[in-house]
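Enquirer: The structure is given below, and queries will be raised subsequently.
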Amino acid sequence: MSNSKSAPQDNLFATPIANLGDWRFDEKVAEVFPDMIKRSVPGYSNIISMIGMLAGRFVTPHSQVYDLGCSLGAATLSMRRNIDVAGCKIIGVDNSPAMVERCQRHIDAYKAATPVEIIEGDILDIDINNASMVVLNFTLQFLAPDNRQRLLNRIYQGLNPGGVLVLSEKFSFQDKQIGELLFNMHHDFKRANGYSELEISQKRSMLENVMLTDPVETHKSRLHQAGFPHAEVWFQCFNFGSLLAIKGE
């Protein structure tokens with residue numbers, strides 16, 4: 001399960017690191033990111049595929065599509081493959097220079113009718129307007145909690161009536177027993193994909209101050225507060241999942 005022919009294998013944490021520090025999406029992470037996320041996030045490839053299918057349903061002519069926290073552009077490419085209407089544009093945004101550089105290369109390698117603009121910047125500063133679809137694919141969890149509602153409010157305001165937000169996240173759980181079980185099953189998943197206990201432990205230590213997760217109930221509450229009348233989990237595997245939020249017509 002751990003072999004990846006399309007990208008270098010993630011062995012960044014295979015040996016002890018004296019001063020771990022906090023997680024950063026730097027050049028080293030960007031280089032191995034496809035292998036890392038495939039082996040670390042259960043259901044990731046399914047979510048990416050389904051985001052493309054959702055684009056085929058929700059993207060309307062002469063509208064804009066946003067991939068906020070686009071990393072290497074997997075969701076952007078999936079949407080572009082499935083958009084079959086005229087006059088659309090996809091805008092991908094990420095604050096990591098290493099991710100943006102590689103993302104642009106990936107976008108340039110696959111020509112398609114729908115134009116794509118990749119922006120290096122803070123998603124909190126991006127103007128969202130005339131949007132038929134917005135994707136936050138494992139991005140919100142890296143924002144300061146105080147900024148999360150503000151971003152969702154701006155997304156809601158920038159969406160056209162009937163537009164959709166896809167919000168994928170790692171979840172925490174109010175039920176501690178369920179939370180512990182799914183946490184442990186996720187670690188089983190990573191072990192089955194070839195990660196050692198050292199790799200799992202070091203990565204977790206680097207992420208614990210940077211990636212702050214919320215329960216599904218909190219996500220739904222924020223989405224409803226932003227104005228979305230419809231919000232529900234459409235995909236979940238262990239403690240990873242994705243919600244759909246649809247703006248009223």
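Placement of Cβ uses the backbone N, Cα and C atoms for every residue, glycine included.
According to Swiss-Prot, the record shows the following:
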BINDING   Y44, G69, C70, S71, D94, N95, D122, I123, N137, R204  S-adenosyl-L-methionine binding site
Enquirer: Please report the number of other Cβ atoms within 10 Å of the Cβ of Y44 (S-adenosyl-L-methionine binding site).
Expert: 19
Enquirer: Here are some binding-site residues: D94, D122. Which one has the most Cβ atoms within 10 Å of its Cβ?
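Expert: It comes out as D94.
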Enquirer: Please give the greatest C-alpha separation between any two of the S-adenosyl-L-methionine-binding residues Y44, G69, C70, S71, D94, N95, D122, I123, N137, R204, in angstrom, as a whole number.
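Expert: Result: 25 Å between the two most distant Cα atoms.
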Enquirer: I'd like the Cβ neighbour count for C70 (S-adenosyl-L-methionine binding site), meaning other Cβ atoms within 10 Å of its Cβ, all protein chains included.
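Expert: Result for C70 (S-adenosyl-L-methionine binding site): 29 other Cβ atoms within 10 Å.
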Enquirer: Have a look around N137 (S-adenosyl-L-methionine binding site) and count the other CB atoms within 10 A of its CB, chains all included.
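Expert: Neighbour count, Cβ to Cβ under the 10 Å cut-off: 24.
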